[in-house]
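According to Swiss-Prot:
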BINDING   Glu557  L-isoleucyl-5'-AMP binding site
BINDING   Lys601  ATP binding site
BINDING   Cys889, Cys892, Cys906, Cys909  Zn(2+) binding site
MOTIF     64-74  motif ''HIGH' region'
MOTIF     598-602  motif ''KMSKS' region'
Amino acid sequence: MSETQKENPYSSTVLLPKTDFPMKADLAKREPAQIQSWKSGQIFRKMKEQRKGKKEFVLHDGPPYANGNFHLGHSLNKIVKDIIIKSKSLAGFYADMIPGWDCHGLPIEVQVLKNLGKKARETGPEELRRLCRNYAEEFVGKQGEDLSRFLCFWEEDRIYKTMSPGFEAKIVEVFGELFQKGYVYRGKKPVYWSIDLATAHAEAEIEYYPHVSPSIYVKFPIVGEQKKFCLIWTTTPWTLPANLGICFNRKIEYSFFKTESGEELILADGLAESVTSTTGVSLNKVKSISSDELSVLKFQHPFMDRISISLFGDHVTLDAGTGCVHTAPGHGQDDYKVGLAAGLEPFSPVDDYGKYTDEFPLMQGKKVFDANPEIIQLLKDKGLLLHHSEFEHSYPHSWRSKKPLIFRATPQWFFKMDFNELREKSLSAIDGVQWIPSWGITRIRSMVETRPDWCLSRQRNWGVPIPAFTCESCGQTHIDDVSIQFFTKMVREKGIEIWYSEKAADLLPPGTKCGKCGSDSFKKGNDILDVWFDSGVSSFAVLGERKDEPPADLYFEGSDQHRGWFQSSLWPSMALRGIPPYKTVLTHGYVLDEKGHPMSKSLGNGIDPTADVIQIYGADILRLWVSSLDFRDDIKVGKESLKIVSEQYRKIRNTFRYLLGNLDGHTSEQNLPFEELEELDLFYLSKLSQFAEDVIANYEAYQFHQIYQKLILFCTVTLSQDYFDMIRDRMYCDARNSKTRKSSATALQYILETLCILTAPILSFTAEEVWVSNGKKDSVFLQNFPDLKFWKNQNLEEKFESVLQVREVVQKALEIARQENKLGKSLEAGLEIVSKNGTNLTKILPKETLEILFVVSQVHEKNPGLDVLSFYENEKFSVKVLKPVQVECPRCWRHTEDISKEGDLCGRCKSVVG
């Protein structure tokens, strides 16, 4: 208010907004107390108990690794899950989510070894496992604190950890059931192998980075021929010692090509020009050679006393190389398959640490990548190297060590993808799952269609042991249903440490004998299960079973989980249940910096959700930021974008504050019945109904960014700019118990309660604070989304909207008058409004209502001779701003005809003041 009004003798009679709800949020300071209030009041538990017997909605939480603090991506993931659970609960569902943590595996073991430093070499396996368990427990606690701070609702005594004895036992049990049904086998196949970590890797543990490899063209001499060779191309010279054949494609045409030196080379016709371009060697076609002729050829290995045979496979293409593919069944998936068909055993003269064994004595003990230059020199010395250059390409690396991987054949435990038509059944089931975004189905289908058998075993310390034994007499592997069940019971009681603390005989049922030789002497295996198998069986360990339908309604994780958790969860569920574990799969993109780069400590571009957001702005700002994102795509974020969201929050908070202030002295019990409400208030309740309907639909579709946009628009335009402006006069100047004021107060009460409930899943702290400030005793989370369809009034909306389209023209006309210093407050103005199509606005709404809508003192169909202050028109209406002849009421500032002289009150204000 102006200084003039402060001195106004009537200022104390004006009902200005009054509330203890602070304009300054101070969220960072206030929120912890609210968290304690929710915990002590057991609100989450009550929320679920209140909805027992209602339709169930289960969101299965994908477990993050228990290492390191939560980053912004974790925050996004967990907050979206929290929004979903709360919105489903408010929609009437029995909604539940049990937070979980992935506690075994390489990420934790490697970090513990790193922390040990030089002491790592002195640390035994038992002590290492103890340290890993302690480390995981520590970060479950730390991440749990983060979770409480921004997630709000979860029960700390109701979580799952993959290292708990019950969960570990379920892992062994599911492995046993899969083994019993024939899905698990032991075999020697090429797998991704980390020579730095000395263990196999699953496809989900692989990252691709640019890598420079040697590109060489090698001549394999044809046995029994002079100066005739088969030309192969490879970027892995180190695999040549394991070469057992050369692979062709029967659909490709091959020929002998003569070089300038007189040598003849076999290669694909379609690649001759490319080879010449790359190598600079001129090639002249001599004659074609058929597939039958190729099949009988044998080739001398370039530097081993061994013959390589002809093979055929559809994986050979004309995309690159020579069309003649160097084949080492021990070092490649396609190589293994064609070799298996030809009866070739996978041969890999490389040990766990990537060093050649005595099977390649020439370079025994040398690391394979270090051997590349020596092998190239060896080929050059023998005159079998046609060309050598460097080749940059995308190459698989370990997700943990960030070092290049190799393909290496080792004895491993595998899950059969094609047993019992599992792949076909899984693809069919995928079609029945709802994938959001829709492209998710294409991504996972392509991966499931081509995925090789899943390598389940790892050669590390920290994980669930595979309960397999080896007969000490004959070397036969022993594992069966009885032994697995026996061991499962032991794990359930004492955890996986029992595998290491007990002798083999004590881990097997009494009387166990080798099925091959009858011996009762066994030794324990050293393999542990892939950590992806741990999380993959979480639907069995954590969720209840439902008859003939998936146990989870929703999985929500990053889009990288199409090749990770979504698959590792799918396979066991399809094999044992015959259905997928989820009905719907929703994914989010990566959180990137403002320039689209991944966030990292080394780049210094990260945003810490606790230090940079919660401790400065509060958790509700972080939650509002998450809701503002279309998280289905990658998300760019910087500190500036958080400031913008903070500003938008301030507008929302001020809307709540204005509502509370105007409701001072008015409670829900004082609301007027529907039939007594003013048309203007009914119109905005109709708009509230549509707003609520849209928001609830957006929650249902997980389109929270649209809720954010609608909320900002509703608060800043529909309410603050329009409705609050229109009813300010009656709320401030009408008698407290007047029908018009109570009508608007009733509408404001409905708006406040509805906004509180609708925003609670996102602005959880603020919504609860407002709810309590409005005198409510129970939590906002014990309410339901309101059904406001009865407020919907299409006829009333059409009626008001037809008039409100003039409001924009009026405001522009008023602004012109202000800019020309002819007008201060809009109440100092009268209006002449002329419709160019002949519409008479006073026939649609009473003149008094039009004055309220336009926030002016008078509205005329025709200027009664008043001075014109400004003029504005569009194609439908023309508006003149007029200067009223009446003086201003000193209390309400309106210029009305019932004021006799300056300083007198208008009739309405006289009756109020008395």
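Even glycines carry a Cβ here, placed using N, Cα and C.
Structure coloured by features recorded in Swiss-Prot.
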residue	record	Cβ within 10 Å
Glu557	L-isoleucyl-5'-AMP binding site	20
Cys889	Zn(2+) binding site	24
Cys892	Zn(2+) binding site	23
Cys906	Zn(2+) binding site	24
Cys909	Zn(2+) binding site	23
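Among the binding-site residues Cys889, Cys892, Cys906, Cys909, the residue whose Cα lies closest in space to that of Glu557 (L-isoleucyl-5'-AMP binding site) is Cys892.
Cys889 (Zn(2+) binding site) falls outside any helix or strand according to DSSP and counts as coil.
Mean pLDDT for the motif ''KMSKS' region' (598-602) in this predicted model: 73. For the motif ''HIGH' region' (64-74), residue counts in helix, strand and coil come to 3 helix, 1 strand, 7 coil, using DSSP. The Zn(2+) site, placed at the center of the C-beta atoms of Cys889, Cys892, Cys906, Cys909, has further neighbours from the same chain whose C-beta lies within 8 angstroms: Cys733, Pro890, Arg891, Trp893, Arg894, Thr896, Ile899, Leu905, Gly907, Arg908, Lys910. Following the DSSP three-state reduction, the secondary structure of Cys909 (Zn(2+) binding site) is helix.
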